[in-house]
Amino acid sequence: GKEVVIANAIIAILTIGGQQLFSFFTFSCPCHVGQNLIYGLAFLGVPALILLIVGYALNNQTWRLVTGKRSHFEKVTKSNQFLKCKLICFVLCSITGRALVAPVTWLAVTLINGSYYVCAMSEYVPISYYGADPNLTASEHRAILATFPCSQLVPPELTRARDEVILLLRYQSQVAGWLLIAVVVITVFLSYCLASCFSPLSFLHFRYWSSYVHNEQELFDEATEQHSRLYAMQHVRKFFGFVPGSENVKEIRIPSLREWQAISGLAFLKQVDAEHYDYSLLHDWALKEHASGRYLKIDED
């Protein structure tokens, strides 16, 4: 839908901006043998991994998929197991597709920029490429190549060789970045085409179904908010003796020390029978205790 496209575009733009700021303020190649590769790959992969995890965590479908599924799967019959697995795979693919927007954008932008790749791969350029001194050992060649990302460390006689190596690495990095973008675009397009081909609904019917699901979720959220507020209001009324917002409050209830202690502290979601839960300590108190005790009348003036 349009909302998904707009959300993905915003995520991609924010990722591009964050990558540029991140590179400008934090990236500084060590230009040392053995450290360049680790440093460059860390800046390439670790932020992408973090963005992937954040993408999973911020998707409501992730929590809808995993929340409470341990007890649910125990009740699934064998006849429905295959259908359930198919649905889970489909939802996982959908979640992963959304979660990959930011990390793929990060990888593509950093590869097109080329700085991280140049730092990581500089010491692995073939010696024959830039006409190195044949009298130097392989370790000495790698030490020289490792300094190429830092122009101030390169001797003047190697400036031209450095420029050639940097151009070669940037070429490789940018080609890899554009190939990544092409592969992702083609994969997304083919995925949507296959999903449309195997859809049991026609084009207009599918649009109607999407609209229905969206409206149902909005109405459900509104009803959930109102229902939970009214339900909680009954428990608060029982504890304090009045409903918040009431204009003509005749009396208020003074809770005892034991009652304050009963609703204070930490508590887990508590199952009271096969079908119902206690949502909080106040909820548990309201269902078990009688609202007797001391009441204080309120003067009308």
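Using the three backbone atoms N, Cα and C, a Cβ is placed for every residue, glycine included.
Taken straight from TrEMBL:
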TRANSMEM  5-25  transmembrane segment
TRANSMEM  37-58  transmembrane segment
TRANSMEM  87-108  transmembrane segment
TRANSMEM  175-198  transmembrane segment
Chain residues in Cβ proximity to the transmembrane segment (37-58) (below 8 Å; excluding those fewer than six residues from its ends, i.e. six or more beyond): 15, 19, 22, 27, 29-30, 95-96, 98-104, 106-107, 110-111, 116-121, 123-124
Long-range environment of the transmembrane segment (5-25) - Cβ separation under 8 angstroms, sequence gap at least 6: 47, 51, 98, 101-102, 105-106, 109-110, 113, 115-116
By Cβ distance under 8 Å, which residues at least 6 away from the ends of the transmembrane segment (87-108) in the same chain are close to it? 4, 8, 11-12, 14-16, 19, 44, 47-49, 51-52, 54-56, 59, 61-62, 65, 177, 180-181, 184, 188, 191
